[in-house]
Amino acid sequence: MAAVGAEARGAWCVPCLVSLDTLQELCRKEKLTCKSIGITKRNLNNYEVEYLCDYKVVKDMEYYLVKWKGWPDSTNTWEPLQNLKCPLLLQQFSNDKHNYLSQVKKGKAITPKNNNKTLKPAIAEYIVKKAKQRIALQRWQDELNRRKNHKGMIFVENTVDLEGPPSDFYYINEYKPAPGISLVNEATFGCSCTDCFFQKCCPAEAGVLLAYNKNQQIKIPPGTPIYECNSRCQCGPDCPNRIVQKGTQYSLCIFRTSNGRGWGVKTLVKIKRMSFVMEYVGEVITSEEAERRGQFYDNKGITYLFDLDYESDEFTVDAARYGNVSHFVNHSCDPNLQVFNVFIDNLDTRLPRIALFSTRTINAGEELTFDYQMKGSGDISSDSIDHSPAKKRVRTVCKCGAVTCRGYLN
């Protein structure tokens with residue numbers, strides 16, 4: 001259960017001292033509603049099917065074991081098919097059954113004989129696990145959308161295995177500095193332009209070109225920093241030089257990959273080439289701390305460290321525990337996203353924001369990827385990687401499948 005006031009003070013929680021079933025029983029006994037555990041005014045005194053657990057045939061009548069929403073498993077009951085008005089759940093039950101049978105037959109789908117009177121315990125157990133997984137993923141999806149501060153929606157999908165939400169991941173929208181690191185989030189100066197597209201603006205003050213064209217697409221080469229208008233600028237929110245700060249505009253889906261790469265991210269809408277897609281955020285730590293954590297991550301076979309080496313190599317972004325959708329974006333040696341360094345309110349060149357832009361048109365349903373070796377400088381040479389404190393460790397085999405695959409993530 002979330003601790004009181006946790007939302008206001010940041011992402012933290014404590015373990016629940018009792019089971020979900022016990023909480024539901026207590027709520028019903030005291031006539032209390034609690035949406036987070038499924039107790040609502042609608043089902044406080046009524047019964048609503050949450051999912052179907054099992055199946056049997058008795059005297060030629062079909063029965064399903066029903067889990068009632070907001071009620072503990074001890075109240076599950078067998079109900080005749082004719083009494084069930086939940087076609088979607090019935091279809092889901094059937095799909096899960098066939099998926100399980102396909103898996104045990106190594107991909108060869110089979111149709112169970114009509115004279116089967118009961119389900120095998122292993123099938124029923126799998127169906128219940130899938131139902132509980134869907135509920136957990138839906139709750140996680142709802143939480144992600146409550147925490148995000150951008151326009152694009154976040155969806156979660158797993159049709160591959162029984163993996164549920166990550167147990168130790170907290171969604172954030174901006175950098176989270178580690179103790180001892182200070183982030184300046186207020187610019188010292190801003191422009192007074194009436195039209196930032198044509199007038200000398202923040203990029204010119206920094207000695208670089210305006211990063212975007214009139215279609216909000218990036219026009220500068222990789223390695224060139226982006227300087228957007230900031231909180232001290234006189235221009236409004238429709239300024240053509242305010243793109244990254246508006247956040248992700250596209251609806252994205254965190255999905256389970258089928259080739260052993262864990263979670264991935266795909267777009268649900270078409271993304272034009274050279275468009276801003278998302279920021280890479282996480283905990284900002286020192287490079288020394290990154291080296292220490294990196295040894296631990298290597299043993300687990302994960303890679304979430306991103307060196308902020310635009311001008312120096314003092315800091316690293318660690319998205320292992322704290323991050324946004326970018327935490328789940330997979331590596332590819334032939335990616336469709338490109339890294340750029342961005343400066344908005346914090347102009348400290350040691351601490352650029354990391355933005356990911358599309359390198360080409362990305363169609364709806366296509367997975368988003370970026371090159372884990374690519375930096376905001378545009379450099380992907382092996383020399384720059386070997387000398388990076390966050391990368392100078394055990395090499396991880398790459399599974400991107402690209403024709404140009406280098407064989408390793410780092």
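Along the chain as shown, residues are numbered 1 onward.
Placed from the backbone N, Cα and C atoms, the Cβ positions cover glycine too.
As the structure is a computational prediction, the values presented were derived from the model and not from experiment.
Per Swiss-Prot, Zn(2+) 3 is bound by CYS229, CYS235, CYS239; the candidate from CYS196, CYS333 named for the same site is CYS196. DSSP assigns TRP263 (S-adenosyl-L-methionine binding site) to a strand in the three-state reduction. Only residues 6 or more beyond the boundaries of the domain 'Post-SET' (394-410), in the same chain, are considered here, and those with a CB under 8 A from a CB of the stretch are 259-261, 298, 301, 303, 330-334, 369, 372-373, 385. Listed binding-site residues near CYS398 (Zn(2+) 4 binding site): ARG261, HIS331 (candidates CYS235, ARG261, GLY262, HIS331; Cα-Cα distance within 10 Å). If you compare Cα positions, CYS193 (Zn(2+) 1 binding site) sits closest to ASN330 out of the binding-site residues ARG261, ASN330, CYS405. For the Zn(2+) 4 site, the Cβ centre of CYS333, CYS398, CYS400, CYS405 serves as reference, and the other residues of the chain with Cβ at most 8 Å from it are HIS331, SER332, ASP334, LYS399, GLY401, ALA402, THR404, ARG406, GLY407, LEU409.
Applying DSSP to the domain 'SET' (250-373) sorts its residues as follows: 18 helix, 50 strand, 56 coil. Each residue in the domain 'Post-SET' (394-410) has a pLDDT score, and their mean in this model is 84.
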